[in-house]
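As given in TrEMBL:
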type	residues	note
BINDING	B:8-11, B:32-34, B:67-70, B:90-92, B:119-123	NADP(+) binding site
BINDING	B:Trp146, B:Thr171, B:Arg197, B:His247, B:Asn276	substrate binding site
DOMAIN	B:120-275	domain 'Meso-diaminopimelate D-dehydrogenase C-terminal'
Number of protein chains: 2
Amino acid sequence: MRIGILGYGNLGRGVECAVKQNPDMELVAVFTRRNPETVQILTPGVPVLSINEAEKMQDQIDVLILCGGSATDLPVQTPAFAKYFNVVDSFDTHAKIPEHFAAVDTAAKAAGKIGIISVGWDPGMFSLNRMYANAILPDGCDYTFWGKGVSQGHSDAVRRIAGVKDARQYTIPVPEALEAVRNGQNPVLSTRQKHTRECFVVAEEGADLARIENEIKTMPNYFSDYDTTVHFISEEEMKQNHSGIPHGGMVIRSGKTGTQGENQHIIEYSLKLDSNPEFTASVIVAYARAAFRMNQEGQTGCKTVFDVPPAYLSAASGEELRKNLL
Amino acid sequence: MRIGILGYGNLGRGVECAVKQNPDMELVAVFTRRNPETVQILTPGVPVLSINEAEKMQDQIDVLILCGGSATDLPVQTPAFAKYFNVVDSFDTHAKIPEHFAAVDTAAKAAGKIGIISVGWDPGMFSLNRMYANAILPDGCDYTFWGKGVSQGHSDAVRRIAGVKDARQYTIPVPEALEAVRNGQNPVLSTRQKHTRECFVVAEEGADLARIENEIKTMPNYFSDYDTTVHFISEEEMKQNHSGIPHGGMVIRSGKTGTQGENQHIIEYSLKLDSNPEFTASVIVAYARAAFRMNQEGQTGCKTVFDVPPAYLSAASGEELRKNLL
């Protein structure tokens, strides 16, 4: 299976690493909007090319993995490149998934290609687990917790405050809330009761720390609905203790069965990730395999994790899967 | 969707309860090998019929759910009834799945029906989670823990010992082993290091308790490879504290990504079930929906959880799933 990567940031590098772990895949090219000569990749012998070269390479690439951002890149790129390639993206603006799906579906169907959108862990594996658990236990409650992990969006928001040189924001599930959910108490939880936010901030010399802390804690949408802790640290400490991009979380459904709903069941799916982009990339690469296979069988159009038979993600045959994993 | 149940024990009753929770399904008949007049079911107006009546009802049932045992019932029944119906079973003899698959596949293909086998939680949801996690993290280690829960097979084995009136056996994961796996230490664990076994025994009056305890602890295959605790209790205590059939467990994969495998990820799927048969039944009923849909699309033959697109399990439409759960 011949893979192309479009966009070479943290996610693109993660895809490059993941492709190396899958012997049935080969990286053919990395496409970038930057000057290709300035982009250094990890795989020897693989060309870095301008994004404008991509469509010429239709016959050399089985699946093009789109590693741009959801705000402005993917809404344009995924439908555009679905005209030439089977594509997979990690579009994660939940509210806009229906319109993104429609745009990719139209383009992919017209071209006879498959486009799998919103692949990763949320949306992605978390969605899948919400769906399976809902289908199994129709009478129940859903809970999703995120963290402990770095939120890029919240870290960026703190960095935009005057006097802030660098910042890292961790989202942390509230242990008592998690405990109550795991015990099947079906609590009704406010935003504040589910997660806390912890910020590590490197301030510019002489900056007013009290003002920065106040601006963070009162920032609407991002922080004002949460209990937030702010720590001012040195650049060295930031570099030493907060350079990773860990994340994770839990999807939990508690549901009832029986003649009177007398029996309770808890289904939990949890992730503890050292590297958010590398794990997301690993999920995407498995779905790239599925995109290729589904298209080889003649399927076209836009798909999500809900539509893909699990076996298509695996390099093993049906016989091997039944023998070893069933 | 019109559902038939074949075999009315704990699992059959669980299926009956699960069908009630799904408004798109209707129970049409329960088939039994016993004298139908002696079988009392929960749903008013639904007939209990002899197993010999089943094949005459081909046109009135969309999916027949087989609730017999894996040892002798399902190897015969699933291929036999796949000649007349879409069928779902919970065949759980892992080692014999390949031959069961082949027998059901032949019968179902010849009849133009779908047979989904080995549905439940292990095999079933645990298998699915092993498979997804393996596809996402090819470089990693798998762990499955069972419990805390009642093992019917081990309880039966204890009941067969002379002087034992009743017995209940709980399988319990060793907390230290679970902790090491969750921390990504990838321990190599012996059978004894993974699970302990706890037995509650009602002895006959005057029975030699020391001999019973010794027979349990040294029983090959069942107990000799484990640290086992035996408690002798009264019939009242058995009835009061051990009448449920709880179970559960965890499937955990830890895997590495990055240029040098420098980042570690832990994927965990866990179940905590008040009623093993009712949860198994709930999974089966969701797959009955999938069997019907796949067959309506013209698919035939034997399938497992690996082959079924997740969305087919849900009563919700693709649009609803993308909007609400993705």
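Here the Cβ of each residue, glycine as well, is placed from N, Cα and C on the backbone.
Please treat TrEMBL annotations as automatic predictions, because they have not gone through curation.
Because the structure is a prediction, the values reported are computed rather than measured.
Taking the features listed in TrEMBL, we show where each one sits on the structure.
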| residue | record | DSSP (3 states) |
| --- | --- | --- |
| B:Tyr8 | NADP(+) binding site | coil |
| B:Arg34 | NADP(+) binding site | coil |
| B:Gly69 | NADP(+) binding site | coil |
| B:Phe91 | NADP(+) binding site | coil |
| B:Gly120 | NADP(+) binding site | coil |
| B:Thr171 | substrate binding site | strand |
| B:Arg197 | substrate binding site | strand |
| B:Asn276 | substrate binding site | helix |
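Taking the Cα of B:Pro123 (NADP(+) binding site) as the reference point, the closest of the binding-site residues B:Thr171, B:Arg197, B:His247 is B:His247. Burial estimate for the binding-site residues (B:Thr171, B:Asn276): highest at B:Asn276, by number of other CB atoms within 10 Å.
Closest by Cα distance to B:Leu11 (NADP(+) binding site), from the binding-site residues B:Trp146, B:Thr171, B:Asn276, is B:Asn276. The subset of binding-site residues B:Gly120, B:Pro123, B:Arg197, B:Asn276 lying near chain A, with Cβ atoms under 8 Å apart, consists of B:Pro123. Of all the binding-site residues listed (B:Arg34, B:Arg197, B:His247), B:Arg34 has the fewest other CB atoms within 10 A of its CB. Ranked by Cα separation from B:Asn276 (substrate binding site), the binding-site residues B:Tyr8, B:Arg34, B:Gly69, B:Gly120 are led by B:Gly120. Here the CA atom of B:Phe91 (NADP(+) binding site) lies 24 Å from the CA atom of B:Arg197 (substrate binding site). Between the CA atoms of B:Gly120 (NADP(+) binding site) and B:His247 (substrate binding site) there is a gap of 13 Å, rounded to the nearest whole number. Shown in sequence order, the list is empty: the chain has no residue 6+ apart in sequence with a C-beta less than 8 angstroms from the C-beta of B:Gly69 (NADP(+) binding site). B:Arg34 (NADP(+) binding site) sits 29 Å from B:His247 (substrate binding site), taking the C-alpha atoms as the reference points. Here B:Tyr8 (NADP(+) binding site) is compared against the binding-site residues B:Trp146, B:Thr171, B:His247, and the shortest C-alpha distance is to B:His247. On the backbone, the CA of B:Phe91 (NADP(+) binding site) and the CA of B:Thr171 (substrate binding site) stand 21 Å apart. Site extent for substrate: the farthest pair of Cα atoms among B:Trp146, B:Thr171, B:Arg197, B:His247, B:Asn276 sits 18 Å apart.
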